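Taken verbatim from TrEMBL:
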type     : residues : note
TRANSMEM : 26-51    : transmembrane segment
DOMAIN   : 40-288   : domain 'G-protein coupled receptors family 1 profile'
TRANSMEM : 58-80    : transmembrane segment
TRANSMEM : 100-119  : transmembrane segment
TRANSMEM : 139-158  : transmembrane segment
TRANSMEM : 196-215  : transmembrane segment
TRANSMEM : 236-259  : transmembrane segment
TRANSMEM : 271-290  : transmembrane segment
């Protein structure tokens, strides 16, 4: 069954568009987005590391969230950028498998980290007196370890389901990276069992973590409405709304991609994929941190410290 992989072990990524005049503008746009993604996420990680006031569970989770953003955008963006710039869109069999495996790992980790962050906020706002006990440093490490463990096991199942069949050619992947549905469309063996397994696993990860997030924010909103003064209520609403907007973009595009039948997939898949692979990692550090007074205060202190050194 695997002989097709050895006779022609290269895929061709058709990319976002085959329109020649669009390649250069798209290259500039996606290069800008990728650089902002790196700067924003690395900047946030460094700030949390150097500012003692940010050594809290919330920012501990945020640094891991930023790390996942950096990793999975780096799995996809550099290859996409070189394809747009040079037009050589081939990718080796091993490269395709590795790209998909790492992408599946970090996106799944991100779903579980979002759930951990929502749970952290829920405990902080709804059970403030027991917060230090419930979300202890040890509990934080256990939650993050759980996120990466589930993600690693999921990726170990997604990858053989996607690449386990035989591929007779043509090896043209109608996408800008090696994703499950466009790769499975190239298989000449029966893929229904694999598609069902991927769907079930994606549903378990997506709906499970999505449920935790919605439940946590539902309780947070109820707690805010029940107790706070009008100004703090408005501030908390703004924070929750921005977090939920980020979650909605990420989960909406993921669900669109992975929780629909294979026959429904089409050209609009690429647009949905751009949202969770390119746009979401760029926006996250701004949505989750720059709206916070603690981050602004820590940035101000760091800036003063740097200026004093100069």
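Cβ atoms here come from the backbone N, Cα and C positions, even for glycine.
Remember, it's a predicted structure, so these values are computed and weren't measured experimentally.
Contact count against the transmembrane segment (236-259) (Cβ pairs under 8 Å) is highest for 196-215, out of 26-51, 58-80, 139-158, 196-215.
Under 8 Å from some Cβ of the transmembrane segment (196-215) lie the Cβ atoms of residues 108, 111-112, 114-115, 118-119, 122, 150, 154, 157-158, 161-162, 180, 247, 251, 254-255, 258-259, all in the same chain and six or more residues away from its ends. Tertiary proximity for the transmembrane segment (58-80) is limited to same-chain residues at least six positions away from its ends with a CB under 8 Å from its CB atoms, namely 13, 15-16, 30, 33-34, 37-38, 41-42, 44-45, 48-49, 91, 99, 102-103, 106-107, 109-110, 113-114, 116-117, 120-121, 124, 140, 143-144, 147, 176-177, 277-278, 280-282, 284-285, 288-289, 294. Taking Cβ pairs closer than 8 Å, the transmembrane segment (100-119) reaches residues 58, 61-62, 64-65, 68-69, 71-72, 75-76, 143-144, 146-148, 150-152, 154-155, 158-159, 162-163, 177-180, 183, 205-206, 208-210, 212-213, 216-217, 243, 247, 250-251, 254, 276-277, 288 in its own chain, all 6 or more past its ends. As a whole-number mean, the pLDDT of the domain 'G-protein coupled receptors family 1 profile' (40-288) in this prediction is 88.
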